[in-house]
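Please read the structure below before turning to the comments.
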Amino acid sequence: MLVLGIESSCDETGAAVVRSDGTVLSDVVQSQVDLHARYGGVVPELASRDHARNIDPVVREALARANVGLDDLGGIAVTNRPGLVGALLVGVQFAKGIAWARGLPLVGVDHLVGHLLAVFLRRPGESSDEAAPRPEFPFVALLASGGHTSIYHVDGPTEDACRELGGTRDDAAGEAFDKVAKLLGLGYPGGPVIDRLAAIGDASRFPQKAPMASVRSLEFSFSGIKSRMARHVADHGIPKDEAEIAALCASFQRAVTDVLAKKLVQAAEMNGVSRVVLGGGVAANRELRERVRTMANARGIDCFVPPLASCTDNAAMIAYAGAARLGRGERDGWDLTATSQTSLLRLTRKGRGAR
Ligand code: ATP
Ligand code: MG
Ligand code: FE
């Protein structure tokens, strides 16, 4: 079955055609980064308007690149949570329109489930990757993105099979990258720039303690390290010297990736699971990818790291997660709504009190 996926939860308009086995026929991502860069973050109203402008051409492009028509589709999957409600609604209403007009089944997908399952996508042109095995269930996954940072026990391709083992108490990891980059005058989004500068920086020059590293819990906290960086900049100003900026980036990135990698592997061991998976925009970080691989291998844990295009926001992961729902015969009605909250949090935080 071929599924059209549609993604508009934040600042990327995406559409993709994916087969239920994970084969990606097309994956179009129209980023709004330039639109929001001058504000140093996503402006919700501008995001919604840009999605509304771009959704039709992006969906047409995805169908054209996959060389399929609407009649070839077995269903439509659309991100309906979590995210900016106005942005999500553009995708949801567009998906409903096509589904209604063509009599196609429609399913809403939780964006976070998409990130957790992105490892199953098979993209053309990644020959070694295509051949690489995909994880079996259960696995333990670190989802680290712009809005979320949690570790999940994943026992199947459905949201009720994803159990949160621990998460951040304050900022998401990607948010910390973005805020620190902003402090250092490096622009938005911060992750890719810090990644690039950290590679040439001396991480031992301004050593940072990994946040929450010593606590034997699976919780994270990134606001402290961000404040220490802010204090450093307040006391010394933004360094003029590129090597010094690079050293600050390297020290920050070392501390953050270290705690993320350690707790992911620790979570797998605590739960007797021998497979770890990465997902979310921060999983594109080269140091994180490397540290997780090294730490997992040292403990005899298999490590599955998706290619970069599957880590950052894309509609292919939404189509894949939707295909799993459609394959089980699930359908959503025309009353499908957009909500800002993930259903994963609600499910898993029950009993522990809401956030
Ligand atoms: P969420 O998935 O939580 O709803 P989102 O969709 O905005 O939020 P993603 O697009 O998955 O988040 O990830 C974007 C985040 O990833 C940004 O904070 C960005 O800085 C970060 N990021 C992207 N590339 C890298 C990188 N190479 N290193 C570190 N962080 C990165
Ligand atoms: Mg984004
Ligand atoms: Fe995301």
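Cβ atoms here come from the backbone N, Cα and C positions, even for glycine.
For the substrate site, TrEMBL lists LEU143, ALA144, SER145, GLY146, GLY147, GLY191, ASP195, ASN285; matching the candidates ASP160, ASP170, ASP178, ASP302 against that entry yields ASP178. Fe cation binding, as stated in TrEMBL, involves HIS111, HIS115; the candidate among ASP258, ASP313, ASP332 given for that site is ASP313. Taken in sequence order, the binding-site residues HIS115, LEU143, ASP313 that lie near ligand 2, meaning a CB under 6 Å from one of its atoms, are ASP313. A coil conformation is recorded for GLY147 (substrate binding site) in the three-state DSSP classification, outside any helix or strand. Highlighted in sequence order, GLU7, SER9, THR79, LEU112, GLY114, ALA118, SER145, GLY280, GLY281, ASN314, MET317, ILE318 have their Cβ within 8 Å of the centre of the Cβ atoms of HIS111, HIS115, ASP313, the residues recorded for Fe cation, and are not part of that set. Same-chain residues at least 6 positions away in sequence with a Cβ under 8 Å from that of GLY147 (substrate binding site) are, in sequence order, CYS10, PRO82, GLY83, ALA172, GLY174, GLU175.
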